[in-house]
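**Q** Just passing along the structure, written as structure tokens.
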Amino acid sequence: MWLLGLSWVLALLVTVASSGPSADPPDPASIFADLSPAELRAVRTFLMGRPELGLSPSQGGPLAKNSLFLVELLPPKKRSALRFLEHGGARPRREARAVVFFGAQAEANITELAVGPLPRPSSYRVLGFKGGRAVPFSARPMTRLEYELLYEALVAAVAPLEPLLREATGFGFQNCSERCLTFSDIAPRGLGPGERRTWLVIQRFVEGYFLHPAGLEVLLDHGDPDPRRWAVRQLWYNGRYFGSVRELAESHARGTLPLARLPEPPARHLFSSYEPRGRFASGTPTEVHGAKVCEPQGRRYRLRGNRLEYGGWSLAFRLRSSAGLQLFDVRFGGERVAYELSVQEAIAFYGGHSPAAMQTKYMDAGWAMGASSYELARGVDCPETATFLDAHHLLDADGPVRFPHALCVFELPTGVPLRRHFDSDFQGGFHFYAGLEGQALVLRTTSTVYNYDYIWDFLLYPNGVLETKVHATGYIHATFYTPEGRRYGSRVHSHLLGNIHTHLVHYKVDLDVAGSGNSFETMDIRFENISNPWSAGARVVQPGPGQGWDRDPLAPRLTPPLTCPRYHLAVTRRHENEPSSSSIYTQNDPWDPPVTFESFIRDNETIEDQDLVAWVTVGFLHVPHAEDIPNTATPGNAVGFFLRPFNFFNEDPSVASRAPVIVRPLDPPTCSRLEIRRWTPPSPGPCVHPEPFTYNGTYRQV
């Protein structure tokens, strides 16, 4: 049995091997590999050439058009995949999932298509959601074009406020050169289905602009497909609401408006920057390199395409543009323990006094967190020894975009032994010492969803334990400080309120332990008070097991469709029409989304000896504090869970490792002569990575 320990991810884009008599057969794991740039281009070319779709380029033109928003792999159905992997069946048909915005028609909507077969697509079919739910056009994720139009509309609408903004902040929107204002947008975009009204937080555009709100928030209605009909509906400035731009401008002109004057940002040592400032009291050196990871005898893992092997582990992996890391066909010792393990959603609910703060309920799949996988820095984001992999996304673009070094794989010394024992003779000596150094293989990517950076890890341990972990870092989502806002966070700088919020991350765990037919059982430990069988009249208080079923709610009821974070753990029967617990549409239509997790658990199906999925939620409450400046630090801001074998093996499978050290005295109890046994070289050798630090940071269409 494998248990979920609730304690508290990535695809190498590989071009399909060319056909021909000399080509090696593709690894079976490649059925789960993300689409290559050639495949992405082929799908786009095919769909753009279908006259009945009437597609226009993504960039430029009007909003009310038909356009291709997203192309990514459509994973094969599980039955077909297992038939191929286990029984030598036919290789599953390779298909793409394409998201099309149909805005140039009377019934504007979003339609998803399955396109194939790849690499030369020739047909498509409509992909439906459970219950046949349609996706309204208003639920679409934001695009670069809509942001450009939103900025233009905002600048034009608040032009009468330019004197106010210049006087209060020293920055503006008009002819601003290097002293410009910008904005961050809030979601959901309204209070009910069909709305697209967004609160915009106006900020000074300096390094770390997320921490530089100007005190102005603007509600802009951009629901009409014609930007000429967009309008500002309301404003909030320095704690007061205004019904129009004119009302606020006139209040300023009359001198009745309390101005929030911001200090001039310094040219150096800006509080929101990473520039060093101050000194540690100890005086210990920080201008030299610290400890590093090394591989003195080379890599101990094998990477073949999207197949990763390490110790007893073998798995396939990919990086979905929509939601991020996804593992398939996870095996230990050649036996599958999970068919799929994947990130589903990352949610952050905020509280505050300003309208933007109280409206913020981020659901990051709606911001394509999988495609926010920017370059990892060697030696900082991953060790210098890591293997770095590129990703390619076709999202809101007119061709695939290469994201260099978006993923990394590395072996990590954990700094604590996997297991050890000192067997004392209690006379100043010992019978033996034995230990096995602790190491794990890490698969990592990041999602930078505007202000926040999520670091996604899967860790593989040699004793059959798999850990998922996510670290939260980056800039806090902060609003302008007012005295009333103190109820909802901390004053982290002179004009800055760090708003209280939750972080909730949802995972899908499709366990296949000794086959697909599994059951779910919890073990409850309770103390029992029983008569002592070997001493009359005495009592024994001891822990004892109890068994039962439990669905433990994480929090009070939230907005009904957002039920996935309500449970630490929910277990359901697996269904092909329930591939994900959320979608890219939930962010902009959380009131009536096409995917509702509650429907997964309300069908009252038996979960005994069935193909089961565990839906796991982990999270924490973040009360921002001054030490979150300039960025939230990773220590104390990480959550995850473990998959651990429980009576699955006869013994700890890490005994197969040749890395232990055993020390036995040859002359006990003197212990002056020792036998030291190890199966690795006596010394690890030099540990140096000679290459200097380099970084590119660009992501370009290819």
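Using N, Cα and C of the backbone, Cβ positions are placed for all residues, glycine too.
The domain 'Copper amine oxidase N2-terminal' annotation in TrEMBL covers 39-123. The feature domain 'Copper amine oxidase N3-terminal' is assigned by TrEMBL to 140-240. If you look up TrEMBL, you'll see Tyr452 marked as 2',4',5'-topaquinone. Residues or ranges marked as signal peptide by TrEMBL: 1-19.
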**Q** State the mean pLDDT for the domain 'Copper amine oxidase N2-terminal' (39-123).
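**A** Value for the domain 'Copper amine oxidase N2-terminal' (39-123), mean pLDDT as a whole number: 97.
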**Q** Counting only residues 6+ away in sequence within the same chain, which have a CB under 8 Å from the CB of Tyr452 (2',4',5'-topaquinone)?
**A** Ala348, Ala472, Thr473, Gly474, Tyr475, His477, Thr632
**Q** Quick one: DSSP breakdown of the domain 'Copper amine oxidase N2-terminal' (39-123) into helix, strand and coil?
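**A** Secondary-structure composition of the domain 'Copper amine oxidase N2-terminal' (39-123): 20 helix, 27 strand, 38 coil.
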